[in-house]
2 protein chains.
Amino acid sequence: MKNIITLVFLFFGQILMAQDGYKLWLQYAEIKNPKLVEDYKNLNAQVQLDTTTATGKVILKELNLAFDGMLNHTVAKSSEQPTLLILKHAALPQSLKKEFKELEDLPEDAYKIQATRLDKREVIVISSTTETGLLYGTFAYLREMQRHKDLSQLEITDAPKIKKRLLNHWDNLDRTIERGYAGFSIWDWHLLPNLIKEEYIDYARANASIGINGTVLNNVNASAYILQDDYLQKVKALADAFRPYGIQVYLTARFSAPIEIGGLQTADPLNAEVQNWWNEKAKEIYTHIPDFGGFLVKANSEGQPGPNNYGRSHVDGANMLAEAVEPYNGIVMWRAFVYSDEKPEDRAKQAYSEFVPFDGKFKDNVLVQVKNGAIDFQPREPFHPLFGAMPETPLMMEFQITQEYLGGMSHLAFLPKLFEETLQADTYAKGAGSTVAQVVDGSLTNKKLTGMAGVSNIGNSRNWTGHPFAQANWYGFGRLAWNPELSAKTIAEEWLAQTFTPDPEFVKPMTSLLLDSREAVVNYMTPLGLHHIMAEGHHQGPGPWVKDLGREDWTSVYYHKADSLGIGFDRTSTGSGALAQYAPEIENAYKNIETTPQEYLLWFHHVPWDYKLDNGQTLWYNLARKYQDGVEEVEAMINTWQDMKPYVGEQVYEKTRMLLSIQLEEAQWWRDSCLLYFQQFSNKEMPEFIPEAKHTLDYYESIRDRYAPGIKPSWD
Amino acid sequence: MKNIITLVFLFFGQILMAQDGYKLWLQYAEIKNPKLVEDYKNLNAQVQLDTTTATGKVILKELNLAFDGMLNHTVAKSSEQPTLLILKHAALPQSLKKEFKELEDLPEDAYKIQATRLDKREVIVISSTTETGLLYGTFAYLREMQRHKDLSQLEITDAPKIKKRLLNHWDNLDRTIERGYAGFSIWDWHLLPNLIKEEYIDYARANASIGINGTVLNNVNASAYILQDDYLQKVKALADAFRPYGIQVYLTARFSAPIEIGGLQTADPLNAEVQNWWNEKAKEIYTHIPDFGGFLVKANSEGQPGPNNYGRSHVDGANMLAEAVEPYNGIVMWRAFVYSDEKPEDRAKQAYSEFVPFDGKFKDNVLVQVKNGAIDFQPREPFHPLFGAMPETPLMMEFQITQEYLGGMSHLAFLPKLFEETLQADTYAKGAGSTVAQVVDGSLTNKKLTGMAGVSNIGNSRNWTGHPFAQANWYGFGRLAWNPELSAKTIAEEWLAQTFTPDPEFVKPMTSLLLDSREAVVNYMTPLGLHHIMAEGHHQGPGPWVKDLGREDWTSVYYHKADSLGIGFDRTSTGSGALAQYAPEIENAYKNIETTPQEYLLWFHHVPWDYKLDNGQTLWYNLARKYQDGVEEVEAMINTWQDMKPYVGEQVYEKTRMLLSIQLEEAQWWRDSCLLYFQQFSNKEMPEFIPEAKHTLDYYESIRDRYAPGIKPSWD
C-alpha cells in the first residue's frame, strides 16, 4: 500500500489551460497588475465609433475580444462621455480636428493615436482618413496595451511606407503547399464558397494587425483552374470575408490559361484573341470582386509557361496582363526569378541580364517582383543586384517567410534579422546610403507603386506555422512591409511581449536569442558565404555532395566548387563576373579577397584552404570554427529557453524544447557531414574543437528523406 | 453624426470564447447547477489512487482536467479520508474486496464503479484488475458527471465484448490521407521521434475514453518504408506516448517489403529467405516496441502485392506473417476485401468465394478483416455474406468512419445507425437470432480473438474531423467496438450531452436528428437498394452515368443496370446468384421481389419501372419520392438546428449551419441529376412533388472536381 497515495487536488486552471498558439500575437492575456487594469479600464470606459461600416463592426469586435481578455470580463461604465474615440478625421469633434490635421498629408491608411483632452476630460483619440486606417490604429493601440505601456501620454503617428504589403501563398488547389511546413493549406477550396471558416477571419485579423493588405491565394507554380468560374466563386467568398480587414485578394495567373481553360490554340501575348481572353477574364473577375488586387506571374521559369514560348519578352507578357486589369486599378506582379534553360551562365547573373534591358518598358501598373538575393532564399545572400539597377521600374521585394532553406519547420530562425540585413544593404545606386529599403519603398527614385511580398509559412497547423517561433517571421514580415526601416530588435521585442509576456526578464534574453538565431543557422549550414549546398529536391538537411542532376546549377558542387586548392564561387572578373552587376563601390571592395566582407567570402571568391582570415587562422580552420559556432549557438538557445519556463505555457515550452533538440541534432548533422565532405578536398586535420562525427560521410550521403514535407506528395 | 454611436461594452466571456471542437466529447464544461456542483465536490473531495504507474499518472491528470473544467477551479478539501477510490482489485481495502469480486471473472479491462460505504463514509470506488481498466472506469465515471447524473447511487459494471478495438488510419507517409476529409495526417512523421505533439496525447485520451485500444498508423495501400529502422524509431515514439492510455500500435505490412526494403528477389511466402526476413523484421520491431500489436494487410487487392503473385494463397501469406509475430503475441489482420483482376464475377460475390474455402486454415493469431458489406462502404449495404459463413475463423468487422461514400466532410450522417443496422442483422448462421454482432464478438462460435476496426476520419483539422458532427462517428465507433449491442440512440444521447449540453431540450431533438440523418443520406444518394452510383475516383457527388472505366465493376452502370425495362442488379439465381451466399432463410425471403425488404430491393433485383411497391405506387414514383424525402429530411435538419442556437457555441453553430446548407445543395444535386439520368430509361414524367432541376443532365454530367479531397494530390 506504500505506493498508493492519497492526493489532494489543487487546481491551477491557468497551468492546465492550453496555450496552443492559435491566437498568435493577439493573445490579449489577462493583465495582473491591478493599477494598470484600473488605468486601462478608466481610459477605455466608453468608446465612440461608427459601427455602420463593416470595418467599424470589426473594430468593435476586436475591442471586445481584447478588453475581455486583458481586463478580465469587466463591464465598462456607461456614460455619454466617451473616453476612447475611434473616428475618421472628418468625423472628429471640431475641437480635435486641428490636432489631427497632419493625417490629410500622410499616405493612405495612416493613423494617429493621441492622448488629449476633450471637453476638459482626458481622452484617447484614434483617427485616420480611411476605415482601414482606423483598424490599423486600433491594432496599434492594442499593441501598446498588450505591452503594458502607459497610455496617458500616448502619441503615435504612423503611415505605411510601402503600398502593397502581400503574403504569397504557395498553396496548391489540392491543399498541399509547396515548401509548406505547417500542414495543409488553410484554404478549404472544396467547401468554399459556402463554408467560411473561423480561421479565415482570424487569418485576416492577424494580417490586419500588422498591416498586411493583400494576399495571393495560390502557388506561383500555378493551376489555370483557379481562373475558372467555379473557383472564382470561391475566391470571391474569401475576398468578401477579408474586405472588412482591408485585405485584397490576388491570384497567380498561369500564362497558358487561355489554352488550358480558354480553349485557344496559343497564349501568345501579342495575339488579339489571347489579349481578348485575358480582358474578358479580368472583367469576369472584377464582376465578382470589385477590389480584386491583380495577378502574380511566374513565367518562363522552372518549367512555367511564359511569353518566351512564343518568342515574346517578359515586357510583352506583363503588359498584356497589365492592360487587362488596368481599367479596374489592378496590378501585375511579374517575377524576376528566371534562369535560362539553355544558357550556362552563372545563375546569380541571369535575372539581372534578362531584366535590366527592360527597365522603363513596363506599364505603370506592373511591379517587377525580385527575390532578396540572386540565387534562392539562402540563409544568407548578398542583396539582389537588380535592386538599384532598374531606376525606371518599381521593384517589389520578395522575401521567403517559409523556411525552405532554413530548417523547414524544425529550426528556430528569426528572419526579420535576415530581412533587415537585405533592406539596409547599400546599393550605392545614387551614392552611399541608397539602401535596398529605399529602392523598395520608392523613395530613392520617387515611385508611387511600391510593394513587398512574403512567401507565407502558414498552414492548417493548430498554431498556424508549426514551429511556435515561426509566427515571429510572419509578424516580422508584416511589420517590415509596413515600415522597412523598423529594426529586427524592435520587432522581436514587440512580438515576444504580445505573444508571451511583456516581462523584461523574459523579453530581454529572448530578444537576444531571436536576434542571434539566424546567424546560428548560417553558421551551421552555410558559413562564410557558402550557399546552395542542401539536400536535393526537398532542401532539408545538408547535401554538399549533390551532383549530376538535370542541370548543373541545381547541384551543390556547382556552387561550392570545392577542390584541392580551395572552396568558393569566383564571381569576380576572373570568374563568372557576377560581381560587376553591383555598383562600382561594391565591386571595388569585393573584387579582392582581402576587402570582401567575411560573410560573403565564398560567395564571390574561390579561396585557398590555407588562406588566412582576419583572425590569423586559415580558411579551413575558420570554416570548421563557424560550423562549431553554429552548433554551440543552438546549445546556448536551449539553455536560455530552459530559463524561460516560468514565463510561458507548458505546452509551448515543451514543444519548443523538443524542437530545439531537433535543431541541435540537425545542426550537428550539418556540421559533421559538411566538414567530413569538405575535408576530402582540404586534406587537413579536423581542428580539435570539432567533436568526432557520429557517422561516416558515406552514411550521411546515403540519407534519403523520401517523404520530406513541402514537396510533391508521393503515395508509394 | 447620427451614425456614430456611443457604445457601452458588455462583456460576455463565454459568448466570445472559442468552442472550436478540439476537446471533442471531453469538454468538461462548467456545471452551472450549484446543488450538483456541491454534490460533485463532496463526492470528489479527495481521491485515492496509485500514481506510481504511467496509467495512474494519466488518470490523475484527467481528473484534474475534468474537475477543473466542470467544478470551476475549486480546491478540493484536504483529508486523509478518500471519497473517491480508484484502485485495482487487489489494492482495495479488505472490506470492499468482496463487493468487487465479480471483476475476477470478467474479461480483461472490465471495471466496476460503485457508490458504497467505507468506514461508515459514503465513497465511490472505481476498480478493475488492470491499470487500463481503471482508466476506462475513470472515463466512464467522468462520462456520468458530464451527463450530470446522480452519482450517489452509481453502480456500473462493464467489460469490453470485443478484444481488439482498432482505428485504421489510411494515412500516407507524406501526410496526405486516402479518403481523408479533415486535413493532413496528424502523424507528423518528419518531426518524429523527437517531437511528441500535444495532439498525440489528446488523440490517445479521446480513444481511451471510448475504449479504443489499438491503432493502425498507416494506409492499407502501404508504403514498405514504414518498416525501415528510421520509421520504426518514429513508430516507437508514438507507441511510448500511447502506452499509458492502453493503446497499442499496429502497422500495415506491404507484402512486397522484402523486395523493396529487404533487397530480396521475391516476396513468396513459402520462400525461406522471405520468411526469415519477416521473422527478423518482427524481432526488430518488438525490440523497439515490446507490445507492438501486429500487422494489417491488404494483399492482392486493387493492385497491392500479395501471395497470389507467387501462386500462393491468402492462407500462405497470412500464416507466414502470423508466425513472425506469434512469439510476441502479435496478431495479423488479413483483409478479405479482394476482387479478382480477371474473373468477371459479380464483385459482391468474390470475397466469399475466395475466403470461405480457407475457413479454419488460418493460424490462431490471424483475424480475417471483413468490411460491413460486400461492395464498399456504401450508404447502405446488406451485411457481408462472409459473416456467419466462416465459423472456424475469427472475423474482424471493418467499418468506415470516414465518409468516403456518405458526403465526405460536408454531410451530417450519424454512422452508428449504419453500424447498428449491420451488427443487428441476422445471419441465421446458427438459426434465427445469430446476429452479425455475435459473429464479431465471438459469442456465436466461441472465439477468443475478436476485433472491430474503424477507418479513421481524423485529420489535423482544428476539430479533428472537419465536420463537427463527424466526431460522433468516431465516438460511436469506439463505443460499439466496446459493446456492439449498444443502441445508436444511447450513443447519440451520450455524445450530444458530453459534446454540447445534457439539457434535454437539446439532447432530445438532436438525438432524433442524428438517428434520422443517415437515412436521409441513403434517400438522396442511393435509395431502395441502389449502390455505387457516385462520381468516379474521388467518390464525391452523383455519377450514375459513369461508364467505360478500366474495369466494368468500377462503373456505375454496372451496378444500377438501368434500362428501358427497369433498374437494379439481379443477384438472385436468375442473375449473379450472390444471394445464395446468404443463409437459406434470407435467400428464401429475398429471392422474390415481393418479400424483399424495400431497402434492399434494387440490390437484389432488376425491378420494372412500373412495379408497384407496398404503398401502391410504381417503382419510378417511389424512387423519386425517396430522393425528395432525402432532400426534405435535410431541410428538416436545418430547421431543427436553427432551434438549437441557444444551446451551442456560436462558432460550432455557424459552422454546422453552413455545412448543412452545403448538404442541402448537394442533396438537391443528387436528386436532380440522378432522377434526370434515370428518367432517360424510365421514360416517365417526373412526379409533381419533384421541383424543376436547376440544370440539365448534360451540365451535371460535365461537372469535374479535379481537386477533390481524399485522393492522390495533383499539382497541375
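In case you wondered, yes, glycine gets a Cβ from its N, Cα and C as well.
Summarising the annotation, TrEMBL assigns active site, proton donor to B:GLU302. DSSP assigns B:GLU302 (active site, proton donor) to coil, not to a helix or a strand.
If you draw a 10 Å sphere around the CB of B:ASP376 (active site, proton acceptor), it holds 18 other CB atoms from the protein chains shown. Per TrEMBL, active site, proton acceptor is recorded for B:ASP376 (among others).
DSSP classifies B:GLU404 (active site, proton acceptor) as coil under the three-state reduction. The annotation active site, proton acceptor is assigned in TrEMBL to B:GLU404 (among others).
Note: the domain 'Alpha glucuronidase N-terminal' (B:24-141) comprises 54 helix, 25 strand, 39 coil (DSSP; helix = H, G, I, strand = E, B). What TrEMBL records for B:24-141 is domain 'Alpha glucuronidase N-terminal'.
When pLDDT values are averaged over the domain 'Glycosyl hydrolase family 67 catalytic' (B:145-464), the model yields 97. The domain 'Glycosyl hydrolase family 67 catalytic' feature in TrEMBL is assigned to B:145-464.
The domain 'Glycosyl hydrolase family 67 C-terminal' annotation in TrEMBL covers B:465-687.
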>> Using CB atoms and a 10 A radius, I'd like the single residue among the active-site residues B:GLU302, B:GLU404 with the highest neighbour count.
In response: B:GLU404
> How many whole Å apart are the CA atoms of B:GLU302 (active site, proton donor) and B:ASP376 (active site, proton acceptor)?
Replying inline: 12
> Could you tell me the C-alpha distance between B:ASP376 (active site, proton acceptor) and B:GLU404 (active site, proton acceptor) in angstrom, no decimals?
Replying inline: 10
>> When DSSP is mapped onto helix/strand/coil, what comes out for B:ASP376 (active site, proton acceptor)?
In response: coil
